[in-house]
Amino acid sequence: MEFDTIPQEAMWQMNLRSSETMESGPYPEHPGEPDCSYYIRTGLCRFGATCRFNHPPNRKLAIATARMKGEFPERLGQPECQYYLKTGTCKFGATCRFHHPKDKAGVAGRVALNILGYPLRPNESERAYYLRTGQCKFGNTCKFHHPQPSNMVLSMRGSTVYPTVQSPTTPGQQSYAAGITNWSSSSYVPSPRWQGPSSYAPLILPQGVVSVPGWSTYGGQMGSESPQQTMRNDQTYGTSHQGELENAGLQGAYSQYRSGSVPVGFYALQRDNIFPERPDQPECQFYMKTGDCKFGAVCRFHHPRERQIPAPDCVLSPIGLPLRPGEPLCVFYSRYGICKFGPSCKFDHPMGIFTYNVASPLADTPGRRLLGSSSGTAALSLSSEGLVESGTAKPRRLSLSETRPIPPGDDNIDDEG
């Protein structure tokens, strides 16, 4: 009987004490002592008036004050807060149940930073997104490795991205600084990737198409013109200008074009090779064709530094693109004036498709002449509706893949008007 009664009384007393201590009530305030973490977290304290820690009346204000001051609880005997060791802060504040030593605040996160402000962690794996773009949204708190960007391509918006090019003039003529009137700013060719005004520096070129080593990823031969030809930009080169063409040194079968009307086929800069070299892996076919790779440093194929470019099997235009009269027209080139495949492209890249008549205003010219014929045959014009054959009785629209034979020896371009 007594044996059954004692445990029941003890249990009743324990329950009573538990209910009494868990009730909210006045708890002792010890301003010089640390705050009671259990009280701060729950508003209750099982020790009641015998607790030796501080119990501030306004718990929310105490939590906010602790976070603002950077004061975090020190709990000797408890595991150290890893987030506190890395960053020097703790989102749980005074309610965190781990140990926060003041002398180790952020000591684990004190790593060396690269020139862009990202952490260098040689023992960790490299951040793939950073290797491709040069940016990392996690900043200096990222746990991955961010190597120095010495071999990376950085987006330098608003800076001069093209090197200074010397004008192909006579030795006695002034250089770029004094002879800026002999230069022209070549506008960018419209592209679906270039929407709106560009914040990049404009491409400065002289009146002739200048060959600059390293600008293009393929070895095309680009011609330049003599000072006599620079003064005659309002004329179209034909068979009567053979003497001037010989002095200018233009090469290729379609060199009788006004150089001021020739678009630049490639906007590429000479840069360090950022693509990985993996001799034991197959070669990246896209890189071998274009010299670029969208996967960057994370590509698993081989990217040889010295790319063996096969010799072209056709005549190249002055901007280094293949001339294949019997093949369909390169659609991308016909729209934007560039071709990423360079001399390895299997389509035709005629030069006359982008020849403008600078003698008359562009507003008076509804279309652009395309490989006109002096023998009275139908000529093609490139208008807003596409390719139109305008020399016939009824103009008809042509597809970009349709080709028409060019009479032999007829490689002149007729000025419109």
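If you go along the chain as it appears here, the first residue is 1 and each next one adds 1.
Note that Cβ sites are derived from N, Cα and C of the backbone, with glycine treated the same way.
Quick caveat, the model's predicted, so the values are computed rather than measured.
Looking at 121-149, 150-178, 237-265, the range tied to zinc finger in Swiss-Prot is 121-149. Swiss-Prot lists zinc finger at one of the ranges 278-306, 365-393, namely 278-306. Cross-referencing 3-30, 31-58 with Swiss-Prot places the feature zinc finger at 31-58. The DSSP breakdown of the zinc finger (31-58), given as helix, strand and coil counts, is 9 helix, 2 strand, 17 coil. Residues 86-87, 109, 111, 113-115, 155, 274, 295-298 of the same chain sit 6 or more residues outside the zinc finger (121-149) yet have a Cβ under 8 Å from a Cβ within it.
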